[in-house]
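Pulled from Swiss-Prot, these are the features on record:
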| type | residues | note |
| --- | --- | --- |
| BINDING | 166-173, 191-195, 212-215, 292-295, 322-324 | GTP binding site |
| COMPBIAS | 469-480 | compositional bias 'Basic residues' |
| DOMAIN | 2-159 | domain 'Obg' |
| DOMAIN | 160-341 | domain 'OBG-type G' |
| DOMAIN | 359-437 | domain 'OCT' |
| REGION | 441-480 | region 'Disordered' |
Amino acid sequence: MTRFIDRVVIHARAGNGGNGCASVHREKFKPLGGPDGGNGGRGGSVVFVVDPQVHTLLDFHFHPHVVAPSGKQGAGSNRDGAAGTDLEVKVPDGTVVLDEHGQILADLVGEGTRFEAAAGGRGGLGNAALASRARKAPGFALLGEKGESRDLTLELKTVADVGLVGFPSAGKSSLVSTISAAKPKIADYPFTTLAPNLGVVSAGEHTYTVADVPGLIPGASQGRGLGLDFLRHIERCAVLVHVIDCATLEPGRDPISDIEALEAELAAYTPTLQGDSTLGDLAERPRAVVLNKIDVPEARELADFVREEIEAKFGWPVFEISTVAREGLRQLTFALWDMVAAYRAAQPAAVSRRPVIRPIPVDETAFSVVPDGQGGFIVKGTRPQRWVAQTNFDNDEAVGYLGDRLARLGVEDALLKLGARPGCAVTIGDMTFDWEPQTPAGVDVPLTGRGTDVRLEQTDRVGADERKAARKARRQSGDE
């Protein structure tokens, strides 16, 4: 029998970007061909896509690692590396994606809904793209960025029009099996249903879905029984139906007390759905009461006795049925369709949103420098950390290019203001190195006060009059 898995923890890792290529164009009669290294390809991303043919998270239970392909390295003759193909992962309709802290990242409802779970790394630039007037033939290229890697939790919340709630062995699975083609497991012991069962019900020319979920017991909102595993699957149901066992022999139970106990658990749970505010809390959903097992004479008498009291106390429609004798089922299915149709009519019409592209604002203060408490400094920021990760520290020219970029960004000025001295340890990302200040041209910066230059304060320079006097003295000595 196929296992139903509705909660898994997976590790999604996007592909790395390809490295750029450092090469020089070689051709006959062209001694100065110039750089022609291509850029690296972008890494593939991990994308979740809703597929109506997928109904469980079972595949992720056995294969929790999802890895997208990396981009290819650039080549000579200005050939860019191939980009990694995005890995489209099919998930069931109603999947909720949470991060490692339990925050909801996406609520995937509707066929074709997509969510980028992990972004692929950008490819490194080749030396052809790095060429400039100041650096006409770079002897280096940038490395590709690492792909995003994260741990995610996937939760499946059943998407159905009608949800059946009730105590264990109330006849919910039997009801679904008689009004639809679903074949759930049915037995005469509690918690026979361990996973939700979906059935498609036909009411004349109309169809809707019904979810049979595990039985509810007092304390389910705190995790007793199947607890939250049950309650999570009724969050998306537009109509809730209380299935009441009128033939139970358990002491202290009757239809009204069962309904009150079920409502107490729903009120204790009452999660407000994020991203689907039209449904609201569970207390706001339309309800119906089904008095089951009236094929038993005592149960029929009890149902007739409490029906008016239930309608007067709760104000919900009440139906008396027997799944064994198939009595009252047609009236129930059409009544549920009327409730579902009323809910669908109340929903706002879907409006296609025009995509709006907004440029990312440029943050001039995209970094911060803080002392590390040991005489060194830590530079934090998206751009400095990305630049360091793309630098090949085995290439001196690449290291110099990194220093130029950091200087233009203002990192060196910030270090000087904090009292950094040459040789102190500076940490950027995962790299720690000895800092040596430099100008974009590679000349050491004199550590003097602003507005002064020791090269202009030298007083031993020979002037024009002194040079003229020296020449005159040499001529006189030659005449003698």
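Every residue, even glycine, has its Cβ placed from backbone N, Cα and C.
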Using DSSP and three states only, what is Ser169 (GTP binding site)?
coil
Judged by the number of other CB atoms within 10 angstroms, which among Lys172, Lys293 is the least packed of the binding-site residues?
Lys293
Mind checking which of Ser169, Ser322 has the fewest other CB atoms within 10 A of its CB? They're the binding-site residues.
Ser169
Provide the number of Cβ atoms within 10 Å of the Cβ of Gly166 (GTP binding site), excluding the reference atom itself.
23
I want to verify one value. Collapsing DSSP to three states, which class is Lys293 (GTP binding site)?
coil
Could you count the residues of the domain 'OCT' (359-437) that DSSP puts in helix, in strand and in coil?
29 helix, 16 strand, 34 coil
Going by DSSP, is Pro214 (GTP binding site) sitting in a helix, a strand, or coil?
coil
For Pro214 (GTP binding site), just count the other CB atoms lying within 10 A of its CB, please.
24
